[in-house]
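Worksheet: the structure to be examined is printed underneath.
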Amino acid sequence: MGRTLAEKVWEQHVVRRAEGEPDLLYIDLHLIHEVTSPQAFDGLRMAGRTVRRPDLTIATEDHNVPTLLGPIADPVSKTQVETLRKNCAEFGVRLHPMGDAGQGVVHIIGPQFGLTQPGMTIVCGDSHTSTHGAFGALAFGIGTSEVEHVLATQTLPAYRPKTMAIEVSGELPSGVTAKDLILAIIAKIGTGGGQGHIVEYRGEAVRKLSMEGRMTVCNMSIEAGARAGMIAPDETTFEYLKGRPHAPTGEKWDAAVAYWKSLATDPDAVFDTVVEIDASTLTPFVTWGTNPGQGAPLGTAVPAPEETDDPAAARRALEYMGLTPGTPLREIEVDTVFVGSCTNGRIEDLRAAAEVLRGRKVVTRTLVVPGSMLVKLQAEQEGLDRVFTAAGAEWRTAGCSMCLGMNPDTLAPGERSASTSNRNFEGRQGKGGRTHLVSPAVAAATAVTGKLTAPADLA
Ligand SMILES: CC(C)[C@H](C(=O)O)[C@@H](O)C(=O)O
Ligand code: SF4
């Protein structure tokens, strides 16, 4: 029987297998940030161990960094960042600190350097590590004790999850993006729908996505409860990788591409679970609730709790969100718009937002935060920063920013945002803050009207 992409990558990395025990996997790339690494380094120090492969380990500062220039005011954030610097210096790990040209959100910098490649195993003490699966890598988040294990041994014990195919047939209509697709998928299968599985996104609509779009989709796999999300590498992948600093060159490139092509799921492979979705039926999608599965097409209304899968959860969500069933989603007023994060902080996302904002004015507080310093540079070279500032939006430096309340970019209690990030949990963007997850295009259009809006709605 044929094998799936996930099975091929997994088997390729098993260094020890024993009955009744988890497989021991070799890890090709270990990404580190300031939040989940301090205790792991402490553990190494206490055990008198070193980092086994500092050359396969790379660190960045992202969660706690302010996106306005200047020192870190918050003492906890400051300590986290200083601790990361001290640990990286002591253990010989490459670090891209605040202000460095290579700094950025951990899941944005791996791909941009060409460190993220097909067929790799990639881990990070961060749930959105699934982003890297867009390249056909097996990438997943790990806990801090596992971070220590990987630092010390470059391996990780893990049980093999089941496999799930999400088959996306048809074509996304114009104006409908990768973010709308993944929000619609999560609304369909639920936040637990992918539990215990590695998802492979397949089908015509997925093949047509750019690498940026694929990363947006794989990024949110974890929001459907999946262990990881993957997309088979193809010409789009190779095109994106070619010439990046860590991509292979010359003969090695040709050999790598030949290998990468062999990773695609065999035609006779069987998935444990199959979900089908028709892309051509989709429209811009937004969330109304407090988990990423509580979403609906923008053209619809706030649902009545009884109409949803989990009325109790919906009731609680609507109360927190301050929403009344039956209100058209397009009538929901927001006071803040955030474009950024590892879901939608890449160059293509900023281009999409700029296209909407060009020659228009925002009526909300609008933060545009590039996912990395390189994205920032590229956006500035393309003049996107001037489009944003001319529209009245704020142009910041790279970091997680308003994706989560671990830095100065937060919502005040009761404030409501349209956000291109991936989580709308209670308090996610600041205590009492209310979050509607949207695509960059919808975020930008919303900034123009002050209500949830799609670009096609603008006169
Ligand atoms: C802080 C970190 C551990 C966390 C994660 O694991 O995802 C964060 O990045 C998030 O998005 O909630
Ligand atoms: S941008 Fe958001 S989701 Fe991504 S790593 Fe940072 S906090 Fe987590």
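Heads up, the Cβ atoms here are built off N, Cα and C, so glycines get one too.
In this structure, Cys400 ([4Fe-4S] cluster binding site) belongs to neither helix nor strand by DSSP; it is coil. In the shown protein chains, 29 other C-beta atoms lie within 10 A of the C-beta of Cys400 ([4Fe-4S] cluster binding site). Look at TrEMBL and you will find Cys342, Cys400, Cys403 tagged as [4Fe-4S] cluster binding site.
Per-class residue totals from DSSP over the region 'Disordered' (411-434), listed helix then strand then coil: 0 helix, 5 strand, 19 coil. According to TrEMBL, the feature region 'Disordered' maps to 411-434.
A simple way to gauge crowding: the CB of Cys403 ([4Fe-4S] cluster binding site) has 30 other CB atoms within 10 angstroms, across all the protein chains here. Within the same chain, residues at least six positions away from Cys342 ([4Fe-4S] cluster binding site) with a Cβ under 8 Å of its Cβ are Val105, Val106, His107, Ile108, His128, Thr131, Asn219, Gly371, Cys400, Cys403, Asn422.
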